[in-house]
Amino acid sequence: MQIIHTIEELRQALAPARQQGKKIGFVPTMGYLHKGHLELVRRARVENDVTLVSIFVNPLQFGANEDLGRYPRDLERDAGLLHDAQVDYLFAPTVSDMYPRPMQTVVDVPPLGNQMEGEARPGHFAGVATVVSKLFNIVGPDAAYFGEKDFQQLVIIRRMVDDMAIPVRIVGVETVREDDGLACSSRNVYLTPEQRRAAIIVPQALDEADRLYRSGMDDPDALEAAIRTFIGRQPLAVPEVIAIRDPETLERLPALQGRPILVALFVRVGATRLLDNRVIGHAAPQITQERAA
C-alpha cells in the first residue's frame, strides 16, 4: 500500500491505472477506522481494480462548539488496518494540502442539508458536500462507497452527483453494527462504559419503530412521539432529532399508508451524538440500491 499526502502526488500515482482503463474504487473517511469502514473497503476491492481510501478530518463540516479538536486520530493504526485489507492507496492530506487558501467556494444542497441532522448542525452538510466534491475532483473515481448509517449524507451526495453531473457511481453499503446492535462509529470511543450500555437504546428505538409501524401505527406524528417516549426511558439519552421521512427525498410524509419510510435518529448520550437510521416498510426503497450517477 502506498501512502500519499499531496494532491499532485496522488494524481501522478493514479495516472497509470487510468491509462490502462482500470476502475478506481474510492472510500472517503475521516479515519479512526472501524468494521463499518472496512466493509466499505471490502466492497470497493471486490468491485474495482484499484482501491483508494482517503483519511481527512474535514474542518468545514464541524461547528464552532463541536469535536474537531478531539476527534480521534491514529494514522499509524489506520494505515495498518488498510494494509491488512489490501488497499492500494491511502490518501492522507493535511488541512493545508486540501485548503491552501481559505475556501470561497461552497457546495451546498440546502433543501436536503438544512433539515434533520442539518437542523442540529447548521452548515455541516455544506462542509460535507464541499469536501466530497473536491475529493471526487482530485481522485476521479469510478465508484465511491458510503455507509447507510449516514443516510441523509448518502441522499445528499447522490443528489449532488446527479445535479453536478459528476461521473461517479455512488454505492450505499448497509450499516455495520456491534454485537448488541449499536451502529459502528468512530465517535463510540467517546462513550464511558455506563454511556456505552445506555447507547443501546438507539438501535432498540429503531426496533420499536419497526414494530409499531408494522403493527399499524401509520401516523408520522404519533410514531415520532412514540419513539421519543421510548428513548426517554433511558435517562442518559437525549433525542435531538427524530424524523420520519421519505427515504428517496427526505420529505416529510403527511401519511405513511404502508409505504417504505426512513426513521432517522440523532441522539445525544453524554456529550456524544449518536446517529442511526433504518428504512422500514413493505418494500426496499430505491435509495438503498446502487445506481449510476
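Yeah, the Cβs are placed from backbone N, Cα and C, and that goes for glycine too.
Given the structure is predicted, the values throughout are model-derived calculations rather than measurements.
Copied from Swiss-Prot, the annotated features are:
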ACT_SITE  His37  active site, proton donor
BINDING   30-37, 147-150, Val176, 184-187  ATP binding site
BINDING   Gln61  beta-alanine binding site
BINDING   Gln61, Gln153  (R)-pantoate binding site
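Features recorded in Swiss-Prot, as mapped to the structure shown.
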| residue | record | Cβ within 10 Å |
| --- | --- | --- |
| Met30 | ATP binding site | 17 |
| Leu33 | ATP binding site | 24 |
| Gly36 | ATP binding site | 23 |
| His37 | active site, proton donor | 26 |
| Gln61 | beta-alanine binding site | 21 |
| Glu148 | ATP binding site | 19 |
| Gln153 | (R)-pantoate binding site | 23 |
| Val176 | ATP binding site | 18 |
| Ser186 | ATP binding site | 18 |
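The binding-site residues listed here (Gln61, Glu148, Val176) include Val176 as those with a Cα within 10 A of the Cα of His37 (active site, proton donor). Separation of the C-alpha atoms of Gly36 (ATP binding site) and Gln153 ((R)-pantoate binding site): 15 Å, rounded to the nearest whole number.
Cα to Cα, Ser186 (ATP binding site) and the residue listed as 'beta-alanine binding site' are separated by 16 Å. Gln153 ((R)-pantoate binding site) carries a helical DSSP state (H, G or I). The binding-site residues shown are Met30, Leu33, Gln61, Val176; of these, the one with its CA atom nearest the CA of Gln153 ((R)-pantoate binding site) is Gln61. A straight line from the CA of Leu33 (ATP binding site) to the CA of the residue listed as 'beta-alanine binding site' spans 18 Å.
According to DSSP, the residue listed as 'active site, proton donor' sits within a helical segment.
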